[in-house]
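Visitor: This is the structure I want to talk about, given as structure tokens.
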Amino acid sequence: MSDQESVVSFNSQNTSMVDVEGQQPQQYVPSKTNSRANQLKLTKTETVKSLQDLGVTSAAPVPDINAPQTAKNNIFPEEYTMETPSGLVPVATLQSMGRTASALSRTRTKQLNRTATNSSSTGKEEMEEEETEEREDQSGENELDPEIEFVTFVTGDPENPHNWPSWVRWSYTVLLSILVICVAYGSACISGGLGTVEKKYHVGMEAAILSCSLMVIGFSLGPLIWSPVSDLYGRRVAYFVSMGLYVIFNIPCALAPNLGCLLACRFLCGVWSSSGLCLVGGSIADMFPSETRGKAIAFFAFAPYVGPVVGPLVNGFISVSTGRMDLIFWVNMAFAGVMWIISSAIPETYAPVILKRKAARLRKETGNPKIMTEQEAQGVSMSEMMRACLLRPLYFAVTEPVLVATCFYVCLIYSLLYAFFFAFPVIFGELYGYKDNLVGLMFIPIVIGALWALATTFYCENKYLQIVKQRKPTPEDRLLGAKIGAPFAAIALWILGATAYKHIIWVGPASAGLAFGFGMVLIYYSLNNYIIDCYVQYASSALATKVFLRSAGGAAFPLFTIQMYHKLNLHWGSWLLAFISTAMIALPFAFSYWGKGLRHKLSKKDYSIDSVEM
């Protein structure tokens, strides 16, 4: 009998063996086997040496933005982004490298103490409480079983979305961006035919506008459902269920016997379809490494702002030619149905779920019940789920002035877009006498400006990559796009107010859309990346704060836009918004120069990448 066979026979009831030399991936022997000969099969796992060769150290890095929100106290955050030769990393090996909950807790405490020196006394108290919580959560009682083996992607793994062919990843990126356009289109589809709502239900314009606003409100609440669903079951399941419900609830919208039924169903349509807004960015990020995902994310930044513009553009013609409100929703349902089928055909991109399935397959093949992901090993923390999806976003909204200021600007731009949907009917409908179909055509310049901005984002991304090669980047390096776009958004409103005269050809006010479309996409693209980099440790929660505030603004603005233009007249209505937009131009420039100091002074804690030891 060979030496190796002797080891196998002797360790037939053990799940792991220690590789003393640490030169090659060690081997474990499963306690059970499914083979006909009932022979145990040696399976390689990683050693300290092999992990160190891959760059793993005793310090745990910041989890990727797409790491599960429901996981907590990770000792191996690299699991979802790293490829290893064997695809299995024993907890015992990680613990021998110092990756234990208690050791990482001590490191975290030092980081908190360093950050406290730049904070107010209130901030210090907050950090002391968090430090206590960290010690309690990461006590020795919560150390993982050393016999557990975490599953990772193997080197060159075809299951890893990062390894899919480039054309496949970009095809999925375009399709997912169209899904976002579909959802955003649905929110504004009725804005091209509000007269049909008034006529059918015998209500005023204010009541009809609610059919648009309530769906946008649904956008702010839906992520509370779909983010945890995505964490637990994957993107594909979330898209299939949510978009299926969205398609179904368009039927009662089309057949609603009264306004109350229509408004209730529109709100639920917003809740169901919001998965497209809160998950697609993650799906795109799943397919690209952090170094190259910026250009792909630019498509996601483009989509939610172009989608609503297509609504009045298409449905203005339906309203004028047929006068049927129900046809608007049938068309919306058809669009949503097509995207439901397409999104369901896109394979799962979420690494934690892919690895869960891989772990289940390996458990079955080897008979080793201790192969799992770290999320499975720790279990789903409902308290952390609520904290990440609800409590922490609300906490950020009242304690993080930098985040609130940034979100306010995003909210303003998004709100101005929805304001355009109701300002253009006043300007081109009441002043120029155009019908809804021609009013819808006036939104084309916004689309052109947005396409121009999409091309410009590639320039911004290339400049950022140049900075990355030269030095360690800061969150403020992400603000180039906002500095370019901010003046254009304000200029658009000044043009709109200055050209809203009947004796001036329609090209004057319509051209404002070019500048606004260009500025709005650049601002959103830039500030979205800035938020992620400033709050990298809790990026999902910070983005949830942004989605909530943005949707609230988008829902509120349509309710008073028409009245504002009637009370202040066409010029001062636009100029009032122009004054606000002009004042906000200073924000990206101020943050670019003083952002780091402001974050350290005003934030309760430094959540950026700078605060973490790599």
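Note that Cβ sites are derived from N, Cα and C of the backbone, with glycine treated the same way.
So Swiss-Prot has the following annotated:
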type	residues	note
COMPBIAS	99-122	compositional bias 'Polar residues'
MOD_RES	SER50	phosphoserine
REGION	1-40	region 'Disordered'
REGION	99-144	region 'Disordered'
TOPO_DOM	1-173	topological domain 'Cytoplasmic'
TOPO_DOM	228-236	topological domain 'Cytoplasmic'
TOPO_DOM	288-297	topological domain 'Cytoplasmic'
TOPO_DOM	348-407	topological domain 'Cytoplasmic'
TOPO_DOM	459-478	topological domain 'Cytoplasmic'
TOPO_DOM	525-541	topological domain 'Cytoplasmic'
TOPO_DOM	596-614	topological domain 'Cytoplasmic'
TRANSMEM	174-194	transmembrane segment
TRANSMEM	207-227	transmembrane segment
TRANSMEM	237-257	transmembrane segment
TRANSMEM	267-287	transmembrane segment
TRANSMEM	298-318	transmembrane segment
TRANSMEM	327-347	transmembrane segment
TRANSMEM	408-428	transmembrane segment
TRANSMEM	438-458	transmembrane segment
TRANSMEM	479-499	transmembrane segment
TRANSMEM	504-524	transmembrane segment
TRANSMEM	542-562	transmembrane segment
TRANSMEM	575-595	transmembrane segment
Visitor: Can you work out which residues elsewhere in the same chain, 6+ from the ends of the transmembrane segment (267-287), have a Cβ less than 8 Å from its Cβ atoms?
Guide: 65-66, 161-162, 164, 169, 172-173, 176-177, 179-180, 182-184, 186-187, 214-223, 225-227, 230, 235, 238-239, 242-243, 245-246, 249-250, 253, 293, 296-297, 299-300, 303-304, 336, 346, 349-351, 543-544, 547
Visitor: Which stretch, 207-227, 237-257, 438-458, 479-499, 542-562, tops the Cβ pairs under 8 Å count with the transmembrane segment (174-194)?
Guide: 207-227
Visitor: Give the residue counts of the topological domain 'Cytoplasmic' (525-541) per reduced DSSP state, in the order helix, strand, coil.
Guide: 16 helix, 0 strand, 1 coil
Visitor: Of the listed stretches 207-227, 237-257, 438-458, 542-562, 575-595, which one has the most C-beta pairs under 8 A with the transmembrane segment (504-524)?
Guide: 438-458
Visitor: For a quick check of packing: other C-beta atoms within 10 Å of the C-beta of SER50 (phosphoserine), how many?
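Guide: Taking every protein chain into account, the count is 22.
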Visitor: Does the transmembrane segment (575-595) reach the transmembrane segment (327-347), going by 3 or more CB pairs under 8 Å (6 or more apart in sequence)?
Guide: no
Visitor: Take the C-beta pairs under 8 A between the transmembrane segment (207-227) and each of 237-257, 408-428, 542-562. Which stretch has the highest count?
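Guide: So the stretch in question is 542-562.
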Visitor: Of the listed stretches (298-318, 408-428, 479-499, 542-562), which one yields the highest count of Cβ-Cβ distances below 8 Å with the transmembrane segment (327-347)?
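Guide: Against the transmembrane segment (327-347), the leading stretch is 298-318.
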Visitor: Short question: which residues 6 or more past the ends of the transmembrane segment (479-499) have a Cβ under 8 Å from it?
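Guide: Counting only partners 6 or more residues beyond its ends, the transmembrane segment (479-499) has Cβ contacts under 8 Å with 409, 413, 416, 423, 427, 449, 453, 456-457, 460, 463-464, 508-509, 511-516, 518-523, 525-527, 530, 570-575, 577-578, 581-582, 584-585, 587-589, 591-592, 595.
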Visitor: Can you tell me which recorded stretch out of 237-257, 408-428, 438-458, 542-562 has the most Cβ pairs within less than 8 Å of the transmembrane segment (298-318)?
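Guide: The stretch with the most contacts is 438-458.
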